[in-house]
Amino acid sequence: MLAEVSRREDRHERTRAELAEQTRVGEALVRGLVRAQLALALRLSLVVLIGLGGLPWLFAIAPAVGRVTVLGVKLPWLLLGVASFPFLIGVGWAYVRLAERNEQDFTDLVQRPER
Amino acid sequence: MENGLVIPAIVAVTLLTVGIGFWGLRLARTTSDFLVASRAVSPTWNAAAIGGEYLSAASFLGVAGLILKYGVDVLWYPVGFAAGYLALLLFVAAPLRRSGAFTLPDFCELRLGSRRLRILATAFVIFIGWLYLVPQLQGAGLTLATVTGSAYPVGAVLVAVVVTANVALGGMRAITFVQAFQYWLKLTALAVPAIFLALQWQADARPAVTPPDGPTFRTAISVVVEHPATLTFPDGEVRGVRAGETVVFQAGDPVPEVAGVTIDAADWLLPSTAGADDRGLFATYSLILATFLGTMGLPHVLVRFYTNPDGAAARRTTLVVLALVGVFYLLPTIYGVLGRIYTPQLLVTGQTDAVVVLLPEAALGHGTTGRLLAALVAAGAFAAFLSTSSGLLTSVAGVISTDVLGRGSVRGFRLATVIAGVVPAILALNVSGLDVSQVVGLAFAVAASSFCPLLVLGIWWRGLTDLGAAAGVLVGGGAAIAAVLVTVVGPPLHGWPATLVAQPAAWTVPLAFAVTVLVSAASRRRVPADVGATMLRLHAPDTLRL
């Protein structure tokens with residue numbers, strides 16, 4: 001049992017050393033993680049770019065959308081003054097969850113016992 | 001309209017700020033405690049502190065004033081101010097914390113190992129910090145003059161002295177507690193009166209915000225004209241007024257249109273449309289770019305991330321900040337909209353920044369409730385000046401003490417604080433004609449065009465070189481600074497040149513990114529040899545503890 005633990009520790013140490021010493025394996029692992037995190041950040045930026053960034057353009061080309069009244073308030077006021085904030089928080093929440101999952105995947109990969 | 005409660009409220013906020021500062025001082029024992037708050041600050045405290053520091057005079061007073069004047073198009077200011085934290089969360093928060101950089105110059109040296117780039121970044125941090133401090137001090141001077149009738153320099157000097165002394169004596173630990181307290185004070189100071197205002201609007205049988213015949217005065221009022229203007233009355237009468245002239249309106253009188261200030265109800269209520277004004281759309285997108293990408297480049301925002309224990313905590317803190325700031329930005333819109341009904345005289349005088357401070361008494365009358373709420377709002381406004389200037393001063397002083405004076409000691413930090421505080425105070429006393437919200441917007445544009453490309457490319461792109469980063473900061477940031485100088489001291493412009501200079505981000509940010517990438521690609525041999533190790537440090541999960 002003790003031997004088992006120490007062997008796992010050894011493997012763990014070796015992978016960490018590979019990362020720290022910039023071996024080709026370690027380098028590839030880090031590149032993969034950076035690419036995954038960047039892709040995630042860019043995808044969520046695209047969501048905001050379309051969801052919020054598209055609004056001025058939409059109001060400009062389709063003025064009728066801007067005149068729609070919901071609950072006695074003009075739609076642009078509701079979208080910008082109220083709805084945009086929960087939307088931003090929601091995107092942020094999704095990012096934190098997904099970014100932590102990417103990191104967990106990376107940690108699992110590094111500490112995977114059967115290597 | 002003298003309100004005897006306003007001065008005690010402002011004094012109480014100031015004393016509380018100083019008091020909590022000294023309480024924090026007792027807790028700060030070592031130099032390390034003093035400068036980075038030992039990283040023992042909990043995420044909730046830290047998030048409230050970041051929010052408290054961020055919500056400045058522009059957020060507390062300026063946004064409502066802009067909405068009163070311009071309507072739906074300027075709702076992009078609060079949206080952008082909040083969205084800036086999302087951009088920070090997505091691209092910067094966790095890696096920046098893991099880098100161990102305390103300031104932007106630190107990041108430059110850690111990532112690219114260049115002393116010269118560090119000096120350039122230091123110069124930009126100080127410039128942006130001062131550009132942002134001047135309007136805070138001005139806002140304090142103007143607010144105190146509005147609510148108490150004091151001379152303009154009194155408020156500006158008062159805030160400068162309190163903040164400088166507090167930062168110099170309390171350091172960052174104290175500031176964290178002060179800032180967290182300021183966030184909740186600011187939120188309360190806008191939220192509580194907003195509830196009363198909404199109830200009053202209900203009790204008044206919900207007067208229309210944009211009545212078909214244009215806004216009218218609800219009570220008789222005499223308006224003192226500050227600048228010469230041309231008033232156009234709905235019956236077609238055009239009248240020129242001189243500075244100092246008093247115009248009297250009776251209850252029910254329509255509000256005249258003021259050339260260059262008022263815009264008609266449809267423009268106020270509905271977004272700009274295509275065809276009529278492409279420049280409006282350009283300005284909107286430029287504003288979105290500046291606010292979304294500028295937040296990450298503001299020196300007082302970044303310095304806070306060092307107080308998180310690790311990258312994951314930095315991410316969670318940023319998310320909480322986004323939520324806190326988002327809740328706050330629901331409120332200024334209420335003031336701007338109800339200001340159309342209860343304080344239409346501000347549309348005539350053009351002093352729309354005063355709407356938040358004047359609205360409670362205008363709507364609820366001069367009874368006890370109205371006066372108490374007016375005092376609360378004034379206290380909140382003062383909290384806004386104190387907190388943002390404290391944060392800016394802490395970061396500018398930090399940079400001056402380590403990079404200009406070259407000392408890391410507590411005494412060096414105190415000396416640097418005094419230097420960092422005196423310069424904007426002198427500037428604020430000498431330039432009183434600048435528009436608060438516009439200067440703050442320009443600070444965002446400079447930050448977005450200089451530090452945003454440096455941070456984003458530095459964190460995510462291995463190919464960045466010191467030459468590329470320096471060229472990007474100089475060209476992009478330099479172009480934005482040139483636009484600021486032309487706006488502030490240059491000749492008046494018209495048409496496209498005016499739009500390109502007043503809202504420069506839409507061309508300076510892409511320019512900065514392009515120059516950084518092209519020059520880096522051309523100087524590929526200068527990519528630091530340890531870039532692999534740096535990337536590992538920035539992105540490896542905290543749990544691996546590499």
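Cβ atoms here come from the backbone N, Cα and C positions, even for glycine.
Going by TrEMBL, these are the annotated features:
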TRANSMEM  B:6-25  transmembrane segment
TRANSMEM  B:45-68  transmembrane segment
TRANSMEM  B:117-134  transmembrane segment
TRANSMEM  B:154-171  transmembrane segment
TRANSMEM  B:183-203  transmembrane segment
TRANSMEM  B:282-306  transmembrane segment
TRANSMEM  B:318-338  transmembrane segment
TRANSMEM  B:372-400  transmembrane segment
TRANSMEM  B:412-433  transmembrane segment
TRANSMEM  B:439-460  transmembrane segment
TRANSMEM  B:467-489  transmembrane segment
TRANSMEM  B:501-522  transmembrane segment
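Between the transmembrane segment (B:183-203) and the transmembrane segment (B:318-338) there are at least 3 Cβ pairs closer than 8 Å, counting only pairs 6 or more residues apart in sequence, which means the two stretches are in contact. Of the recorded ranges B:117-134, B:467-489, B:501-522, the transmembrane segment (B:372-400) has the largest number of C-beta contacts under 8 angstroms with B:117-134. Ranked by the number of CB pairs under 8 Å to the transmembrane segment (B:318-338), the listed stretches B:45-68, B:117-134, B:154-171, B:282-306, B:467-489 are led by B:45-68. Outside the transmembrane segment (B:45-68), and at least 6 residues removed from its termini, the chain residues within Cβ reach (under 8 Å) are 74-75, 77-78, 81, 132, 135-136, 139-140, 143, 175-184, 186, 190, 295, 300-301, 304, 307-308, 317-318, 320-321, 324-325, 328-329, 332-333, 335-337, 339-340, 343, 346-347, 352-357, 380-381, 383-385, 387-388, 390-391, 436-437, 440-441. Here the transmembrane segment (B:501-522) does not lie next to the transmembrane segment (B:154-171) in space: the count of CB pairs under 8 Å, restricted to residues six or more apart, is fewer than 3. Only pairs six or more apart in sequence are counted, and the transmembrane segment (B:439-460) with the transmembrane segment (B:117-134) gives three or more Cβ pairs under 8 Å, enough to call it a contact. Residues of the same chain lying 6 or more positions beyond the ends of the transmembrane segment (B:282-306) and with a Cβ under 8 Å from any Cβ of it are 36, 39, 46, 49-50, 53-54, 73, 76-77, 79-81, 83-88, 91-93, 96-97, 100-104, 125, 128-129, 132, 272, 314, 317, 388, 391-392, 394-396, 398-399, 441, 443-448, 450-452, 455-456, 499, 502-507, 509. Beyond its flanks by at least six residues, the transmembrane segment (B:467-489) meets 108, 112, 114, 116-117, 120-121, 124, 127, 131, 431, 434, 438-439, 442, 445-446, 448-451, 453-454, 457-458, 500-502, 504-505, 507-509, 511-513, 515-523, 526 of its own chain at Cβ-Cβ distances under 8 Å.
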